[in-house]
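These come from TrEMBL:
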DOMAIN    64-284  domain 'Radical SAM core'
BINDING   Cys78, Cys82, Cys85  [4Fe-4S] cluster binding site
BINDING   Ser152  (3R)-3-methyl-D-ornithine binding site
BINDING   Glu177, Arg196  S-adenosyl-L-methionine binding site
Amino acid sequence: MSSHLEVADPGRLSLEELRQLVDAMVGGYLPTLDQMEGLLSLDREGAELLFQGADRVKRSIFGDEVHIRGIIEFSSHCSGRCLYCGLRADNRGLERYRMGEEEIVSCAREAIDAGYMSLVLQSGEDGGYTREVLGRIIGRIKSYKDVGITLSIGERTYEDYRYLRDAGADRFLMKHETCDEVLYDRLHPHSSFRRRMECLRQLKELGYQVGSGFMVGLPGQSLRSIVLDVLLLRKLDVDMAGIGPFISHPGTPLGDSPNGDPFLALKTVALARLVCRRPHLPATTALGVLDRQGRDMAFFSGANVVMQKLEPHRYRRMYEIYPKPHGEDLPIAEERRRLEALIEGLGLKVSKGRGDAVRP
Ligand code: 5AD
């Protein structure tokens with residue numbers, strides 16, 4: 001490798017040198033920790049080169065296709081106590097809901113009729129749903145149409161994970177949130193980083209397509225730690241990864257902490273694309289909340305997926321992980337049409353597939 005690749009801080013490189021570094025990364029070069037930290041410190045002009053590099057890698061894998069995943073947030077009850085999350089058990093200021101089996105299945109059918117080929121079933125950590133109930137819901141959706149089904153229901157027993165995999169769940173999302181173990185354990189008083197890693201290992205072993213991810217801008221999180229988060233995604237060899245800025249929620253112990261920087265989050269998505277290559281990376285809702293254009297820009301900075309909420313609007317307002325604006329109260333099919341138009345308006349295509357993992 002030529003000498004420019006050993007320069008510690010790409011933030012201090014000339015644009016030409018930066019261009020060479022990004023080109024090397026597009027070709028598969030794994031930068032040093034210092035170089036990655038430098039890339040995350042780039043200003044707008046430098047970051048443009050990083051984004052273009054990520055876009056090239058994304059296009060080489062996914063072309064110009066964007067996957068739309070529908071997400072049914074079916075329960076806002078949560079026994080977890082994550083310090084950053086509005087759904088935490090201790091937040092008494094939140095009105096909670098649980099969707100019933102029929103309601104979930106009919107929501108899924110409506111989405112399938114509207115063209116969804118990939119559905120995420122997400123909830124707080126809600127012991128109110130047994131594995132038998134969840135398994136039956138998965139089976140009923142699958143027998144309506146063989147769409148990809150992703151679970152995002154948090155930490156459960158190995159037996160639960162196995163039962164649900166056997167019931168037909170294809171994928172599981174479980175973000176590692178931060179790879180800084182001390183910070184993780186402080187933010188999650190009900191669990192631990194070790195437990196989370198163990199869950200991820202079990203999910204892989206069971207043959208799920210696995211997604212992880214983390215937040216950018218958590219109080220106490222360093223830039224170096226974000227670099228290590230990206231490297232952890234690479235080490236876990238994830239199939240999907242959600243990366244978004246931390247957004248402060250007033251009903252949580254972190255209510256007075258500043259929001260994460262959406263520009264830094266965008267650079268992190270681009271770095272993840274260059275370093276991890278194949279995972280599906282969503283343009284996260286959190287990005288769009290802090291920066292209106294941020295979500296759309298993510299499609300040109302490495303992201304290839306977008307998630308659309310599907311549950312009835314009265315529930316969406318209650319599923320308040322972080323404060324966010326609520327749009328018009330439109331039917332599922334109309335919302336999908338508008339999202340498709342937005343994607344096509346950006347010069348991209350809507351994927352017709354299930355958005356399964358791309359394995360080497
Ligand atoms: N800001 C941004 N993202 C958050 N999440 C939870 N709380 C917040 C917050 N305050 C994300 C976490 C979690 C997912 C359900 O939402 O990454 O995994």
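Just so you know, glycine gets a Cβ as well, placed from its N, Cα and C.
With respect to ligand 1, the binding-site residues Cys78, Ser152, Arg196 contribute no residue with a C-beta closer than 6 angstroms to one of its atoms. Within 8 Å of the Cβ centroid of the [4Fe-4S] cluster site, not counting the listed residues Cys78, Cys82, Cys85, the chain contributes Gly80, Arg81, Tyr84, Gly86, Leu87, Arg88, Ala89, Gly124, Glu125, Ile321. In sequence order, Ile71, Val120, Leu121, Gln122, Ser123, Phe172, Leu173, Met174 make up the list of same-chain residues 6 or more apart from the residue listed as '(3R)-3-methyl-D-ornithine binding site' whose Cβ falls under 8 Å from its Cβ. Across the fold, the C-alpha of Glu177 (S-adenosyl-L-methionine binding site) and the C-alpha of Cys82 ([4Fe-4S] cluster binding site) stand 10 Å from each other. Long-range neighbours of Cys82 ([4Fe-4S] cluster binding site) (same chain, six or more residues apart, CB within less than 8 Å of its CB): Arg88, Glu177, Leu187, His188, His190. Counted within 10 Å of its Cβ, the other Cβ atoms near Cys78 ([4Fe-4S] cluster binding site) come to 24, all protein chains included. In the three-state DSSP assignment, the secondary structure recorded for Ser152 ((3R)-3-methyl-D-ornithine binding site) is strand. Look at Arg196 (S-adenosyl-L-methionine binding site): DSSP puts it in a helix. Under a cutoff of 8 A between CB atoms, and with a sequence separation of 6+ in the same chain, the neighbours of Cys85 ([4Fe-4S] cluster binding site) are Cys78, His249, Thr252, Ile321, Tyr322. A sphere of 10 angstroms centred on the C-beta of Arg196 (S-adenosyl-L-methionine binding site) encloses 20 other C-beta atoms. When other Cβ atoms within 10 Å of the Cβ of Glu177 (S-adenosyl-L-methionine binding site) are tallied across all protein chains shown, the result is 22. In the three-state DSSP assignment, the secondary structure recorded for Glu177 (S-adenosyl-L-methionine binding site) is strand.
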